[in-house]
Amino acid sequence: MGRSPHNIAAWQSPATCGTINHLVHSIQHLPAIPAASQKQETYSMNQAATPSVLAGLIGSGIQASRTPAMHEHEGDAQGMRYLYRLIDIDVLDLDINALPRLLEGAQQCGFTGLNITFPCKQAVIPLLDELSDEARGIGAVNTVVFKDGKRIGHNTDCLGFAEGFQRGLDQAPRRKVVQMGAGGAGAAVAHALLSAGVECLTVFEVDPQRAQGLVDNLNSHFGAGRAQVGLDLPAAMAEADGLVNTTPVGMAKLPGTPLPVELLRAELWVAEIIYFPLETELLKHARVLGCRTLDGSTMAVFQAVKAFELFSGQSADAQRMMAHFHTL
């Protein structure tokens, strides 16, 4: 079927969405779109030309995500037909190897686009036809737009973190910063940090090859010596001005902290990109010590703002989306 943004009735057709069922046996267990039929009834016949979007989020352990609510609320506020559903590989009893089938199924089912989260942000790249300049430079994709039969990858995480950093830690010292994690989100955050003037970023990652790959990417973009692979965490933390956690440790499904909390000290600023829960164990410990902290809410909202605009072709009201985020 065509991928026009105006065929919302077809999106809700069991026959059409059976495409995904055919490709992935377990897809019929996807959570139902909340109140989809009630939404559709609110649109009158003279709104037939209203922009319509069917979007989704592919990832692991995403049931607590606030992204669907943010997108749908903003779409409703603009009078759009906007549906957003979760494609949780854990719920579907799948793994990252199902990603090609999920993309194909969503594309054939008429999705406008998809957000991509842990652990798929780098694995999705070989499955795409085109990359935006930013996604290519970062080496990670968190947004895929289906357009004219092509899959186009974008990265809105970098913009999202940069906005949060500017708003929450604008005057923070940034000579030396420690980053935990070098995955897809970590790559975007690292680019944002160096763009914001961090002089030296030390990256710690359980996969040495991944860490070196990110550091090489950063030094090629920002200049030799701007990033380095971390080898001695206590020594790096003793010299650091700030700490950013880009690992999934601290999420609801992976509680804990990404490093021993004894390495924290009051002079540090500490940033998270996790937003469920909004206050991770790391941030709790940091706040008790008196550290300046930044939670993942602003990154979550502003990456969603840009993704909304990519999906819908309309400008989003960032303040409205932020306000709604904090009601969830």
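Cβ coordinates are placed from backbone N, Cα and C, and glycine is handled just like the others.
Sequence annotations record features per position, and here TrEMBL assigns active site, proton acceptor to Lys121. If you look up TrEMBL, you'll see Ser65, Arg66, Thr67, Thr117, Asn142, Asp157, Tyr275, Gln303 marked as shikimate binding site. Summarising the annotation, TrEMBL assigns NADP(+) binding site to Asp133, Gly181, Ala182, Gly183, Gly184, Ala185, Ile273, Gly296. As annotated by TrEMBL, domain 'Shikimate dehydrogenase substrate binding N-terminal' applies to 57-144.
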* Mind computing the max CA-CA distance among Ser65, Arg66, Thr67, Thr117, Asn142, Asp157, Tyr275, Gln303, which the record assigns to shikimate binding, rounded to whole Å? => 16
* Which one of these binding-site residues has the most other Cβ atoms within 10 Å of its own Cβ: Ser65, Thr67, Thr117, Gln303? -> Gln303
* Structure fact -> DSSP output for Asp157 (shikimate binding site) maps to helix
* Secondary structure content of the domain 'Shikimate dehydrogenase substrate binding N-terminal' (57-144), with strand meaning DSSP E or B -> 33 helix, 19 strand, 36 coil
* Between any two of Asp133, Gly181, Ala182, Gly183, Gly184, Ala185, Ile273, Gly296, the residues recorded as binding NADP(+), what is the biggest Cα to Cα distance in Å? => 25
* Pairwise CA distance, Gly183 (NADP(+) binding site) versus Thr117 (shikimate binding site), rounded so that it is a whole Å -> 11
* Asked: What three-state class does DSSP give Ala185 (NADP(+) binding site)?
  -> helix
* To do: Could you round the CA separation between Asn142 (shikimate binding site) and Ala182 (NADP(+) binding site) to a whole angstrom and send it over?
  => 15
* Other Cβ atoms within 10 Å is the metric here; tell me which of the recorded positions Arg66, Lys121 scores highest. => Lys121
* Quick one: which residues besides Ser65, Arg66, Thr67, Thr117, Asn142, Asp157, Tyr275, Gln303 have a Cβ within 8 Å of the shikimate site's Cβ centroid, in sequence order? -> Leu57, Asn115, Met299, Ala300, Ala304
* Looking only at the domain 'Shikimate dehydrogenase substrate binding N-terminal' (57-144), report the model's average pLDDT. => 97
* Which binding-site residues (Asp133, Gly181, Ala182, Gly296) fall within 10 Å of Asp157 (shikimate binding site) by Cα distance? -> none
* Any same-chain residues 6+ apart from Gly184 (NADP(+) binding site) with CB under 8 Å of its CB? Would you list them in sequence order, or say none? => Ile116, Phe118, Cys120, Lys121, Gln122, Ala140, Val141, Asn142, Asp157
